[in-house]
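As structure tokens, the structure follows; a few thoughts come after it.
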Amino acid sequence: MALNVNRAVADPFYRYKMPKLSAKVEGKGNGIKTVISNMSEIAKALERPPMYPTKYFGCELGAQTNFDAKNERYIVNGEHDANKLQDILDGFIKKFVLCKSCENPETQLFVRKNNIKSKCKACGCSFDIDLKHKLSTFIMKNPPKIDVDFSKAEQKNGKKTSGADAAAAVAADIIHNSDKGSSNDDDDDDWEPEPVEPNGMLSAGMGKLVLDKDLEKSEEQRLDMLHTFFLKAKEEDRISDAKGQTALRDEAERLELKQKASLLLANVFLDEKVITDKQISKHRNLLLRFTLNDKKAQRYLLGGVEQVIHKHEAELLSKSAHIIKSLYDEDVCEEDSLISWGEKPSSKYVSKSFAKKIIENSQPVLNWLKEAEEETEEESDDEIAFGGDVKESEFLRQQKEKAAREAQQKSAKATNGNAAAASGANDEEDLDIDDI
């Protein structure tokens, strides 16, 4: 069934049509997802890359999205009704497809000087796209391709040109023509074409017009790319300031791996000196850019910490409690996340048996967190001092003394009970003898 692209138009003979959105729910539990089976056809009708409307769904629904262009699978995490998605698609069409003047869906998008321009091929109107929407940021990082007719470029230049020359020439021609058709004289400077480099290479501005295909790669490939990016940033010491740290987060967001990036952070920036060099405190701001108010990211970070402890077992296994306490003290991991981690050992990052060892060594801290949660009012001001260079902290010593006192009390009670029983038996024997 075909629908009008602009569903506000009720005319059955409206020339601009698109397929009705078809959605299929797959999986169950935490893995439930909605696959939009005909997103490629819809995107073709709208003349937009299929990842744009898919990403728009994610922005509006607050859900993660996945693209597999090779197999034409466009996924929105969670269970979503097709009619609801169709209504949300209308919002995308209104904001990113329809012309603001003639309301026809014959617009083209151009990313130019940190701005997104829309040019209508029907009426010639040119206007800016709202940059406040989250999708605008995605479009800036993943600009649409320009379809180049190389034969026209050659005819215009009067000679054969390289592919790069032709692409630059046609793109410049499109931008130049959009100036002539625009009613807004203030945009003239912004739309002035940049000169084509004589060596045939695309300029930096034209390079951004190539669609970023990294999102079409598998998650494993993207994780490898992000891991390499983190290693290079560490090697070049680009993480000491806010700008460098933000660059790492932006790259993770570009590859749609912000939560799982925490796992890589632990492996790249933490090692056997995590306690002695106070590495968690040192990289606190960087870690918080990924884990703040995000319990999934915190769980991935704890998985990475497990791997670091496993890699340096001799040095770190006995200091597991210190590491967990440091994560808590620096607000990198929340109390609930740490307690939940300690209650259920996982085999996802290290073997289950080794995960249990880490949790056992961290038990004093986990017990303290549970007690603090139960007795918040009484123990809100309690502080626990952990020294990285001290083998046994004051806190651990207190926990052991407490356990020893409880054992002594139990032993004393048992001794007193046995003495009372013996005394009762003697009394009974005395009474029997007196009776005789």
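Cβ from N, Cα, C; glycine included.
According to Swiss-Prot, the GTP binding site annotation covers GLY27, LYS28, GLY29, ASN30, GLY31, ILE32, LYS33, THR34. The region 'Disordered' annotation in Swiss-Prot covers 177-203, 396-436. What Swiss-Prot lists as compositional bias 'Acidic residues' is 184-195, 426-436. Residues annotated as compositional bias 'Low complexity' in Swiss-Prot: 409-425.
Its Cβ taken as reference, GLY27 (GTP binding site) is surrounded by 13 other Cβ atoms within 10 Å in the chains shown.
Counting other C-beta atoms within 10 Å of each candidate's C-beta, the binding-site residues GLY29, GLY31 are led by GLY31. In the three-state DSSP classification, LYS28 (GTP binding site) falls within coil. When Cβ neighbours within 10 Å are tallied across all protein chains shown, the highest count among the binding-site residues ASN30, THR34 belongs to THR34.
Summary: among the binding-site residues (LYS28, LYS33), the fewest other C-beta atoms within 10 A of the C-beta are counted at LYS28.
A Cβ within 8 Å of the Cβ centre of GLY27, LYS28, GLY29, ASN30, GLY31, ILE32, LYS33, THR34, the residues given for GTP, is found for these other residues of the same chain: VAL25, GLU26, ASN77, GLY78, GLU79.
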